[in-house]
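Here's the structure, in structure tokens; my notes come after.
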Amino acid sequence: MPDWNDPSAVVSDIQKAGVKKATLRWKDMFIRGVLSGAILGFATTLAFTATVQSTHFAGSMIFPVGFVMIMLFSLELVTGNFMILPVTLQCGHITAKDLVASWSIVFIGNFLGAVLYAALYAFTISDGFTAAPAPVVFALVHATYAKTLHYAKLGAARGFAACFCKAVLCNWMVCMGVLCNMVSSSAVGKVLCCWLPVVTFFAQGFEHLVVNMFVIPCGMMLGSPVTIADFCMYNLVPVIVGNIIGGYIFVGLPFLYTFGGEDKNALLPK
């Protein structure tokens, strides 16, 4: 049996995955979302640790371990759902209410999982907020500034646009990783296929919503002057919009229209 799925089969798998995700019990969406947020936090601190001990690219090569665990265990990550669920909705398999409910519950779960790990990690890395800052602490605090106040210094319009574009590019690659995961039918193939797109976004410093749910709160806990308002205004809002556009417009729609079947009119939004 070949360890490869045709792109048209991948589009079918997107819709099947969307139906499955939209019909999960709410508690399952939430629990899987919490686990995903925490796992991505673990992967991020591992990548930051590797970065301060060697190079940024070394950290980027390690970071996909979090995405691999999330995909292999069918957990819920809202950024992947930004691509899967709109495609499934467009094909008529779920309702708008299903989409909004899934996005909302998984978002909350991802956020709580990421912040929970951020609190535990911040307490641990600082010996209960008493030890001298370790190199990884400086890296997290700097990243928190770069993801918020740096955009503020660019001005409202330019800062929003810069953050938004990085978010579009990020989820373009993340969702390519989701599709690469569907291309293979073996665990080893799934790991190898999704690794490179995730390395591509992390190595270039693009903006990923769930990664930022960990990095920015953790940086704030470790002494960054960034406020909750800064987080929401300069990062959260543009990244949500950009990740949705990157996943749906740049990945979901092109694959749907080119691999979704011969009757293109049947795929048009109603």
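Just so it is clear, glycine is given a Cβ too, placed from its N, Cα and C backbone atoms.
Residues 24, 58-67, 69-70, 73-78, 105-118, 121, 136, 139-140, 143, 202, 210-211, 213-215, 218 of the same chain lie 6 or more positions beyond the ends of the transmembrane segment (30-50) yet place their CB under 8 Å from a CB of it. Summarising the annotation, TrEMBL assigns transmembrane segment to 30-50 (among others).
Through the fold, the transmembrane segment (62-87) approaches residues 11, 14-15, 17-18, 21-22, 24, 29, 32-33, 35-36, 39-44, 46-47, 50, 94, 98-99, 102-103, 106-107, 109-110, 171, 174-175, 177-178, 181, 187, 190-191, 194-195, 198-199, 202, 208-210, 243-244, 246-248, 251-253, 255-256 of its own chain, all at least 6 residues removed from its boundaries and within a Cβ separation under 8 Å. Taken from TrEMBL, the feature transmembrane segment covers 62-87 (among others).
A Cβ distance under 8 Å defines the sequence-distant neighbours of the transmembrane segment (99-123), meaning residues of its chain 6+ beyond its ends; these are 21-22, 24, 26, 29-42, 45, 76-78, 81-82, 85-86, 88-89, 129, 209-210, 213-214, 217-218, 221-222. Annotation source TrEMBL lists transmembrane segment at 99-123 (among others).
Same-chain neighbours of the transmembrane segment (129-147): 45, 48-49, 51-53, 122-123, 163, 205, 207, 212, 215-216, 218-220, 222-224, 226, 234-235, counting only residues six or more beyond its ends whose CB sits under 8 Å from a CB of the stretch. Positions annotated as transmembrane segment by TrEMBL: 129-147 (among others).
Annotation comment: TrEMBL describes 159-179 (among others) as transmembrane segment.
Taken from TrEMBL, the feature transmembrane segment covers 209-228 (among others). Among residues of the same chain six or more beyond the transmembrane segment (209-228), those with a C-beta under 8 A of the stretch's C-beta atoms are 36-37, 40-41, 44, 77-79, 110-111, 114-115, 117-119, 121-122, 125-126, 133, 137, 140-141, 143-145, 147-149, 167, 202, 235-236, 239-240, 243.
Sequence-distant contacts of the transmembrane segment (240-260) (same chain, six or more residues past either end, CB-CB distance under 8 Å): 7-8, 10-11, 14, 79-80, 82-84, 86-87, 90-91, 163-172, 174-176, 179, 207-209, 267. Look at TrEMBL and you will find 240-260 (among others) tagged as transmembrane segment.
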